[in-house]
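Read the structure below first, then the notes.
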Amino acid sequence: MNHDAPKTWQVAGVVSFYMGAALVMVFVNKAVLNSSPDLPLFFLLIQLTLAVVLLHGAAFITKRVEIPKLELKTAKKLAPVTIVNVVGLVFNILCLRGVDASFFQIARGMVLPLTIIVSSIHGRSLPSMRVLLAAAIVTAGFFIGVAPSSASTDRWHEAPSRLSIAYGVLSSLFIAIHAVLIKYSLPHAGNSTIQLAYWQNLGSALLLGPFILLQGELSSLSQLMRTPEWNAEVFVWGSIVTGVFGFLLCVAGLLSIKVTSPVTHMFSSAARSAVQTLLGVWLFHDLFTANRAISILVIAVGTMYYTWVKSVEAAPAPVRVAPAIPKDDVEASAGIQLDEIEGEVHDWQDEKRRQAA
């Protein structure tokens, strides 16, 4: 049996899972944040805690999920990636709280350009002109999306605030930093994506605790519980759903075969952008203008072009065996799945190192 040639149903299954999980996470998170806008950090804490609990449960069921031994020495070594992770999570959820679900991908549209910049600075190497062109296309798409639209003046109050857009850019920046740190953190977690996911979820939950108290979210929760208009079911079930899906995204890295390819990734990313936009307009009556439509299209084209460039530049390279890039990135830990940009940039970094050798 050729393990390097996954069956069609395997490819379709994995691609469908990641697309579906990503969409579920975005829209369930948005529904909860709409119903409980004063509890973003507490909501995030529940997701992280539930992921830790489910990882313990999975460890009892299968030996493939191994809970790491908690040691202060390891915690110190993983502190940088954990801190970057939790800061990125906070900015990410604050961004989603303040923007439409369909605009969320625009607000975080700078992930790819910033990841390329941070990776270049860290690796002390310049990207190719094709990569720079892809980054420029995505950046142009971002600015098209955040530019004011005359068509939306009658609903200007629904346009995203500058603060929410700033949260999106900061979230993108910390995702970019996380993409670099996570590769060098894996050895400290036994090269196990599951163990690293456990450390990040547990560490992020512990770091969030004091800020929840300082923000007064517990008192806000107490007030909401006494408010008859508050829909507690949305908050409870939303927390459970996002926690479970976040856990599933963590353990999805256990797949023994690589079933996705640059081509499937290109089309799945484009399809997800379109579906997310349509669902946002349908479910939440999101504001949709020509600017946003063009922005989403340009960002999708730039991302697809980058994926194609990466596949072309890496084609002559010999096959290598390396630890899988964990799916529990800044978003999966929070229950919102990222595009596979981190893994792609890591591939690009490795290719640059081989060329310099």
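Each Cβ is built from the backbone N, Cα and C atoms, and glycine gets one as well.
Now, the feature entries from TrEMBL:
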type	residues	note
TRANSMEM	12-33	transmembrane segment
DOMAIN	19-306	domain 'Sugar phosphate transporter'
TRANSMEM	39-61	transmembrane segment
TRANSMEM	81-99	transmembrane segment
TRANSMEM	131-151	transmembrane segment
TRANSMEM	163-184	transmembrane segment
TRANSMEM	196-214	transmembrane segment
TRANSMEM	234-255	transmembrane segment
TRANSMEM	290-308	transmembrane segment
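By the Cβ criterion (distance under 8 Å, sequence gap of 6 or more), the transmembrane segment (163-184) is not counted as touching the transmembrane segment (12-33), fewer than 3 such pairs being found.
Mean model confidence for the domain 'Sugar phosphate transporter' (19-306) is a pLDDT of 86. When the stretches 12-33, 81-99, 131-151, 290-308 are ranked by Cβ pairs under 8 Å to the transmembrane segment (39-61), first place goes to 81-99.
Simply put, out of 12-33, 131-151, 290-308, 12-33 has the most Cβ pairs sitting under 8 Å from the transmembrane segment (81-99).
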